[in-house]
Amino acid sequence: MSGIDWLILAGTLALIISYGVIRSRGNRSMDDYLLADQSLPWYHVCLSVMATQASAVTFLSAPGQAFTDGMRFVQFYFGLPLAMVVLAITFVPIFHRLKVFTAYEYLESRFDARVRVFTALLFLLQRSLSTGLSIYAPSIILSTILGWNIFWTNIIMGGIVLVYTVSGGAKAISYTHLQQMLIVTVAMFIAGWMTVHLLPADVGFVDALQVAGKSGRLNTIDLTFDPDSRYNVWSGLIGGFFLQLSYFGTDQSQVGRYLTGQSVGQSRLGLLANGMLKVPMQFLILLIGVLVFVFYQFNPSPVFFNKVETDQLLKSPYADQYRRLETEHEAIAARRQKAVLTLNKALSTDDTKSVEQTRAVISQTDQEAKAVKNQVVDLIKKNNPVGDTSDVNYVFLRFVLDFLPHGLIGLLIAVIFSASMGSIAAAYNSLASTTIVDIYKRLFCNSYSDGHYLKASRIATVIWGLFCIVVAQFASKLGSMIEAVNILGSLFYGVILGIFLVAFYFKSIGGKATFWAAVLTEGIVIWCWWTELTAFLWLNVIGCVLLIGIAWLLEKVMPSRRLQPVDAVDV
Amino acid sequence: MHQSDPDLPPFARSWRQLYFLVIGSLLLEIVLFYGFMQYFS
């Protein structure tokens, strides 16, 4: 990075932090600090919800995913608009009407204090550990590629967020989310435009799409119903719906965002706007990855994008083998480049026969390149058994550093920081609000002044921030980051979603049955994971379904004393 | 559907209409993505 990049990076971050702090000065109550006084319009809610969900890895990983696997990942988000509609109909009006600070507060009015505190503790455990991983994931990529010290990158990544989260609370988070989304959108558009600009003079945007399409990278829709296929329309609509419903409906880092809406209508509108914007946004991010793929069809590409791993190979006893594979890869790339140029010419002259012939050559070279890459991955594994054998997260950043102009590099590094800060800030705020509202105030000190709880919320934010940074410092021991985050979520999300579904849709089941079902189910889920009984994604389904089933059975065996039913779903 | 909220949406006559708009736009996106994929492949 050059001086201008550092200047743009530092300037952007300073702008975000100071804007957030200035716009949110004068928090006087807990309502103000944790829910922005429920004063924000729908577009704030929408952008805040989007910024919370889109972490740094979204902007690093998604283009890399499109580069290697095409655009089929977009289908993963098809369930999101449906989940937004369900949330707008059920969750939002109930949370607003009860004037809750956290989602778990509602559980006490529906069940009892035990269910509320138990669910809050599950959330705190899961969210604090996964936020540590969210700090570590972009830090390790930046420190690997830019040679930064991981210890300090973690501290800066997790620490600068604390500045405005502690002082400004939910309002600062929402205002900075607005700016972060603006910066991310502008920078990603410029990156996409620059990628097209870097293509050969006779290759335009439509030509690039033709090449991508003929290379199988525009595979946006797969209508086949195949449970083994990770991304198709059906897994996106059905599986994605449940995943997004549990995330947006029961995770306080999201619930806290849409509770800042100034009315039920504004919160609803924010969520519905998110439902309409998220899929096109994800499509465009993936399209940038596809354009990077096309760029590398006309230019030499590295055989493996994580340079640290390949540099280690060059210093190892496997260096000669690696060099041979690199030469093989270069020869394949040269053949493919020739074929792509012929394809481009054939497309412009509508020469169907030549198009089909070159397409076959491209497909063949693609397979050969994959085989060579697999051999490189094997060498990396042999050389360093704990080495990172996936380079998906490095594709886009390596392209940015190698080919984009100075200034834009600084802006795109700022995008990574901004996206990371957006999700981390919301997580800190949700950890603090759950700790103070559902644990501290509920169990220990329920008769102090509002000022006392405001101060306690600030202290809780600092403590959780420091805890998450400490978790990030130990995260390197956990292996694959994405997998670690998903496993952690899968251990708790199913049970939490099950509790909320019982609350909303099974009016006959009371607190006692739900509490013991939750304790029992959480134990079973952890046992299933410990004994490796099933793939971890199924733990979500097991947790949710088991909880509902056990709670229903327990209710039959030991019926709860009926309290005044609170807020059945009015749909 | 819950319709008692006095805060009506600005872009539609009722919330129900807006929900259908969101679901409709999802279906339209799926159709457009399919067409996009077919056209360029």
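Yeah, the Cβs are placed from backbone N, Cα and C, and that goes for glycine too.
These features come from TrEMBL:
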COILED    A:355-382  coiled coil
TRANSMEM  A:6-22  transmembrane segment
TRANSMEM  A:42-62  transmembrane segment
TRANSMEM  A:74-96  transmembrane segment
TRANSMEM  A:117-139  transmembrane segment
TRANSMEM  A:145-166  transmembrane segment
TRANSMEM  A:178-199  transmembrane segment
TRANSMEM  A:231-250  transmembrane segment
TRANSMEM  A:408-432  transmembrane segment
TRANSMEM  A:453-475  transmembrane segment
TRANSMEM  A:487-506  transmembrane segment
TRANSMEM  A:513-530  transmembrane segment
TRANSMEM  A:536-554  transmembrane segment
Contact between the transmembrane segment (A:453-475) and the transmembrane segment (A:408-432) (3 or more Cβ pairs under 8 Å, separation 6+): yes
Seg_contact(the transmembrane segment (A:117-139), the transmembrane segment (A:536-554)) with at least 3 CB pairs under 8 angstroms, min sep 6: no
Whether the transmembrane segment (A:408-432) meets the transmembrane segment (A:145-166): three or more C-beta pairs under 8 angstroms: yes
Contact yes or no, the transmembrane segment (A:74-96) and the transmembrane segment (A:231-250), 3+ Cβ pairs under 8 Å, gap 6+: yes
Two-stretch contact, the transmembrane segment (A:42-62) and the transmembrane segment (A:178-199), at least three Cβ pairs under 8 Å: yes
